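To start, the structure itself, in structure tokens.
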Amino acid sequence: MYEDLAKLIVSRRNSDEFSQQSDNTPLMEACNCGHVDVVRTLIQAGADVNALSSTRNTALLYACASGHLECIKDLVNSGCCDLTLRNEAGHDALMEAANFGDIEILKFLIEHGAKPTYTMDGTDYKESALTLAAYKGHCEVVDFLLSLMPKEKSAQDEEELHTALMEAAMDGHVGVAKLLLAVGSKVNLSTESFENPLTLASCGGHLEYVALLCDAGANLEEANDEGFTPLMEASREGHYDVVKYLLDHGANVNAKTGDGLETSLTLASSGGFLNIVELLVNRGGDLTLGDRTPLYEACQECRVEVCKFIISCLQRSHPLSEIQKDLNEALFCVVSIGNEELCDLLIESGAQIV
């Protein structure tokens, strides 16, 4: 039915090009929906297979992003389809296919001249077919793309593998990580990236991924652009099992951000994660560190139970004179936000309005 309608419209208008608000041509729409008979009709009528939408997508990019292999074959076999065109996200056909996860599409594109690329100009970050497949957890696609890499890795290859390891870490794709590590992906690599695999896996609470990286020699103290170590990230997000694992494997419980503002304890206290605060303290966490101490952070977010625990710990380990300033600053904080329960708690504990 769609094919007959397309033929009728083309014959009546004597044209295969139509404009609309979305700037997508009929060929783009047909490829996006997988209507292969319509695609063939439009190509035979002379449709421009390399026309660009307002987002710089082509019919091929739409077909790859939607996983329509037969449409892709017709476009490529037309003889004038450009496999190298990129959309405004910087993705070419191979990258969109990898993101979708259909290995047969990737094989077809590569057989017809598509080449995996990594460096992208004009963007704040770098992507490739491999990094996109890694992010989505497409193990079969990742394995195939890795098979195309040379055994002797260049510096760019190493960076791409490391980036893929970071992308997989975000959602904890352990299967992908194992494939990457098996071909030599480095867990510790100095790059321009804002993150590293272990901080990302820790932030996401992906314990198995964290363990895999640690077994491969990941640096437990490597910080991200915020200055947060893996332990800080896990503490901030409330991932108890990851926090415990990192501590068990030697993470520094009292590490501070470069500016000295935060520690794992300040972050866990702010988040109200009492079980993590207790664990960190029991492992030697210092309740007096941080530009704003764990008590202040807990008070600022009205974490009553955390405040009670911290005060009890401070009172057991310090005379009032040593914690007076901390109590007073916390009291000033809770007065400003109007929390009567915490005001009473702090005054009962010795805080003074000065």
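Any Cβ shown, glycine's included, is placed from N, Cα and C.
For 22-54 (among others), the entry in TrEMBL reads repeat 'ANK'. Mean predicted confidence for the repeat 'ANK' (22-54): the pLDDT average there is 94.
Feature annotation from TrEMBL assigns repeat 'ANK' to 89-121 (among others). Across the repeat 'ANK' (89-121), DSSP helix (H, G, I), strand (E, B) and coil residues number 17 helix, 0 strand, 16 coil.
The repeat 'ANK' annotation in TrEMBL covers 160-192 (among others).
Per TrEMBL, the feature repeat 'ANK' maps to 193-225 (among others). Among residues of the same chain six or more beyond the repeat 'ANK' (193-225), those with a C-beta under 8 A of the stretch's C-beta atoms are 125, 162-163, 165-166, 168-174, 177-178, 181, 187, 231-234, 236-237, 239, 241-242, 245-246, 249-252, 255, 257-258.
When Cβ-Cβ distances below 8 Å are used as the criterion, the repeat 'ANK' (226-258) is approached by residues 198-199, 201-207, 210-211, 214, 218, 220, 264-265, 267-268, 270-271, 273, 275-276, 279-280, 283-286, 289-290 of the same chain, each at least six residues removed from its ends. Residues or ranges marked as repeat 'ANK' by TrEMBL: 226-258 (among others).
Taken from TrEMBL, the feature repeat 'ANK' applies to 260-292 (among others). Per-class residue totals from DSSP over the repeat 'ANK' (260-292), listed helix then strand then coil: 17 helix, 1 strand, 15 coil.
Using a Cβ-Cβ cut-off under 8 Å and counting only residues 6 or more beyond its ends in the same chain, the repeat 'ANK' (160-192) has close neighbours at 118, 126-128, 130-135, 137-139, 142-143, 146, 149, 153, 198, 200-201, 204-206, 208-209, 212-213, 216-219, 222. Remote same-chain partners of the repeat 'ANK' (260-292), defined as residues 6 or more beyond its termini with a Cβ less than 8 Å from a stretch Cβ, comprise 227-229, 231-232, 235-238, 240, 243-244, 247, 253-254, 298, 300-301, 303, 305-306, 309-310, 313-314, 317, 323, 326, 329. DSSP assignment over the repeat 'ANK' (160-192) gives 20 helix, 0 strand, 13 coil.
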